[in-house]
Structure formats: C-alpha cells, structure tokens
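What follows is one structure encoded as structure tokens, with my remarks underneath.
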C-alpha cells in the first residue's frame, strides 16, 4: 500500500497562448523538453510544473494578497467539490493556517512556470479584478536571473520576489482542468499532479532553465500530436491524452470560454491501472469496464495472456490508452463526460494511430 509520504503532490500549468502568425490553429501550447539526466520522464516534452512546496501554502501569502483579496479563497469563487480519495492516498492533516489546496497548487504551478521557463504569471497588487478575457504574462524586469536562481534554491524566495515586484501570483488566470496520478511500475517516484489551464493573449518570452529544461516549443495540439507520431518529441500518456482533448478547440477564445463557463464539478483525478497483454500495454482509466478501483492495484499491475487486439475487440465501455510502442498510442473512449469536461477528439492519423470515440 502506498503511504501518503510516497506520493508527491505536484501541479502543472498548460499555457495556451494566442498565435498571431498565419495558421489554421488559433493557439499554441508551451512544451518544455526535460534534460536527459532527470530521474522522472527524461527527455520528455512536458507542461511546466513541479512538486508542491510548503512555501506555496504559507499563510504569509495572505498579507501579499491583501487588501483587495481576502482569505480563504482570495476571490477564486466557491470551493470546488472534493473528490473521494483513492484507497491508500491521503495527504494527512493540513495546517489550519495554510492556504487552501487549490490556492497553494496554483501558486506552485505559477512558481514552477517561472523556475522552468522564466514566465511570470503575475499581476499588480492594485490591479482591478480579472477581466473576462485571457490574461497576459508580466514582462520580465531587470535582475530576474538572480531572482530565478534564488527561487530555485529556496521556494520561499518566490513570495519575496512577488513582494519586490508589488505583484501577486495570478491565481485567477489558472482554471481547473484535471489531475493524474503516476501509475505503478513506471518509476519509483509517484506524483499526485493537478493540471491547470491558463490562456494568455500573447506568447510570452521563454527562457528555459538549462539545469532541468534543455529546450521548448510552442505547438498547437495537432502539431504536438504530429510531432509525437513522427518521433520529433516524446509525450507521456497523460500529456498525449490532454493534447487530444485540447484538439476540440479551434481558437483561444473558444478554449477560454469553455474554461470560464464550465461549472464547478468534482475535479477529475485519474490513476491509470496498467494491464500488461501478451504483446503490449494498456492504461485503463476510470470508467473503463476493466478498471478496478481497488487498493491492490496501487502497488501492482494487471496481466493477461491475451493479445491487445483481443482485449480491445471484447470491450464495450472504454476509457483507455493502448501503448503499442513508445511512439504509437491509441485512445479508446466510449463514455459520456460525467463532469462537463471534453474527451479526446476523433483524430485519425493512420490505421494504427486512431482515437476511437
């Protein structure tokens, strides 16, 4: 059984920015390439994000948000319903003085976007309430490199940076999107990661952290899928799945409206259960007829002597990612959305690279 200490809480932000160049796609997403020496997902292209630090939930943030925004929600609106915990997944008793989880996780994602990409998702403390349109990253001020080094060394310095700039983290620009838990067996490190979506009017300047990040690209969801299939980039199954979701939106404004208008529901948080077939691997997701929400499968995989094709043909109620090889995934989905979310768009590349809806 996984103890609470073996799961590291994390947050990631999918940055979707407007694209002014001539192109049929209306927005691009920031993907960072992780260095090969990283223990988790070496070489992968990922969204900015990282592990939650105690500094992200510090009550010291309250003074920075004051007087315009007051605890506990700081103007975020009603607290979203809580998802029942997975068996064996508990984060223990929270400090009663700490910020609410969804505030702290937003600060974490914003801090990591600065550390990894040099993007400042901040807004002036005296700014008017957020307008009903995509946000804008803060222009990098002088001396930012030194601050970035300090924040990387000590996350508590992010609060000091915000105070120095007389800004607050733009937590209102981050919309709930979903969450993923690392499946058993992929790595000794397992993460409970909350995904946020942030729409930006313009593409901000990016300066990758050369220690953890060796490159970056702004790609539309369809471009990212094509680059993955052509082996130009590698995406882990959660990132691939989210890219396919985002193909539902033709423009930044459509994506922003969806995020803004989506009612507060129990946020998705999915723990893939791995089914090992005789010739491949299937990541079973909640709702799939073979998915077993049982504590036994937190620490082991399922297996069968059947081939992948047999398993797929037998299924009727599906929510799964079939892994044929590192660069050939298939998404099978027959479920209606239970929480007003979108599911991966039907997008045919070739016979072996099809999202089945």
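Placed from the backbone N, Cα and C atoms, the Cβ positions cover glycine too.
Among the features that Swiss-Prot reports, domain 'Nudix hydrolase' is placed at 10-242, with the record citing sequence analysis.
Taken from Swiss-Prot, the feature region 'Disordered' covers 72-93.
On the 0 to 100 pLDDT scale, the motif 'Nudix box' (97-118) averages 96 in this prediction. Feature annotation from Swiss-Prot assigns motif 'Nudix box' to 97-118.
Take the CB of residue 300 (N6-succinyllysine) and look out to 10 A: across all protein chains shown you find 11 other CB atoms. For 300, the entry in Swiss-Prot reads N6-succinyllysine, with the evidence type a large-scale study or a structure entry.
Across the motif 'Nudix box' (97-118), DSSP classifies residues as 17 helix, 0 strand, 5 coil.
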